[in-house]
């Protein structure tokens, strides 16, 4: 992922360069973007800024222009962080624990009181045996997602945003059940006064305030329990993001839908009319991989598969009604430069300085002739590598290179693109190939018995699945015995059955595979109305 230089966030301008280089995670928040919490390379946690309501967790309400350490959080490994407008702050740690501090006028800290919390305290009611992996805050309420896919909520509930079936504030964590009972949630988000959840099957549910249509239900009535967005039937959502009173949703095919308030053009529809149902945003055929919004602003952001970043909505006081291409490389930069207030929409992860780790040094030497002692010749093109590294990284090469002193090895079985990607993987642990070409690499990884590479290929192919290529990918998965990928492609085909059966690839599908597909799909209930 593209890492962020915290220099774009004014609150960090006070820190000397040697301190900035140590920052690995950061969050900027508060009504004037004047509060910040950050984690260093040594897993120490610091805070600085105005400290409204004790939201810096330092044990007092003193503002601080110098960073001060939050001792209780040092070494805790923060995996998720969110904040409200009080502000209150909530984190989840790698151990699945939840800590909260700051404003508590509506019990949004989940500790059963309404006293502000000056230091981080464990949120324990109903969560003691649970592992929380993600937290999200609205203006004065909090929701938490467990590793098992359950959602817990607490705090301000004037519009039903806690999902308890009433409008009484919720002083401690309560499981959000009703129609989420027995369902597995994979992603959560909060607007100012509403909550959203995405299920593992791609369905989306919303509850709470709805006067701008931000729940996407086709009406403007508040909801005190989760309601499924029926208009998204048959569309698989993988991520939602909530602005102040609007919602963005990303589908498994890279489309973006928006709904809710639109007075700043934040729905990206070209006008300023609110929408109570999900509306597809025209992205000029570009596939999106991330959407971003924050409950403190009316700004919308999306990132394309090729890494370009688009923004719309309220951008530095201007209303931008269509997605606008920026020169940024990360969605975070848009919030730093264009959102009001300029706060972070999620926990930032920040890269280190110019010191190269072992991994980075090796990556730099890949296909560099300078100290290379071996060349592969594929399709008449050269790839420069290092025998020692190949022997260390791959059993196949350990055996092969012990038997030969050749300085050039010709390869005929695989294409240049695929073989180069394989060798690059041995240097980098990652694969850098479009999904269609990853099929060739799947073949290679099966041939060389590289099980981790095979897994990575499957992940890459999954990210590139479309209605057009789904059958081709399914066939490849079957051919190379990639069970996980086969299952994924099969489910995608069933979820997009009508469109998939009209593709050229389906018409030309191998007879046995087709028979197998139809019987499996009927067992899956694909042909029931």
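The backbone N, Cα and C atoms fix where each Cβ goes, glycine too.
TrEMBL entries are annotated by machine, without manual review.
Bear in mind that the values here come from a model prediction, so they are computed numbers and not experimental data.
As recorded in TrEMBL:
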- 43-94: repeat 'RCC1' (REPEAT)
- 96-148: repeat 'RCC1' (REPEAT)
- 149-201: repeat 'RCC1' (REPEAT)
- 202-253: repeat 'RCC1' (REPEAT)
- 254-305: repeat 'RCC1' (REPEAT)
- 372-435: domain 'BTB' (DOMAIN)
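Per DSSP, the secondary structure of the repeat 'RCC1' (149-201) breaks down as 3 helix, 23 strand, 27 coil. When the repeat 'RCC1' (96-148) is classified with DSSP, helix, strand and coil residues number 0 helix, 23 strand, 30 coil. Mean pLDDT for the repeat 'RCC1' (254-305) in this predicted model: 97. Residues in the repeat 'RCC1' (43-94) partition by DSSP class (helix H, G, I; strand E, B; coil) as 6 helix, 23 strand, 23 coil. The DSSP breakdown of the repeat 'RCC1' (254-305) into helical (H, G, I), extended (E, B) and coil residues amounts to 0 helix, 22 strand, 30 coil.
DSSP assignment over the domain 'BTB' (372-435) gives 29 helix, 14 strand, 21 coil.
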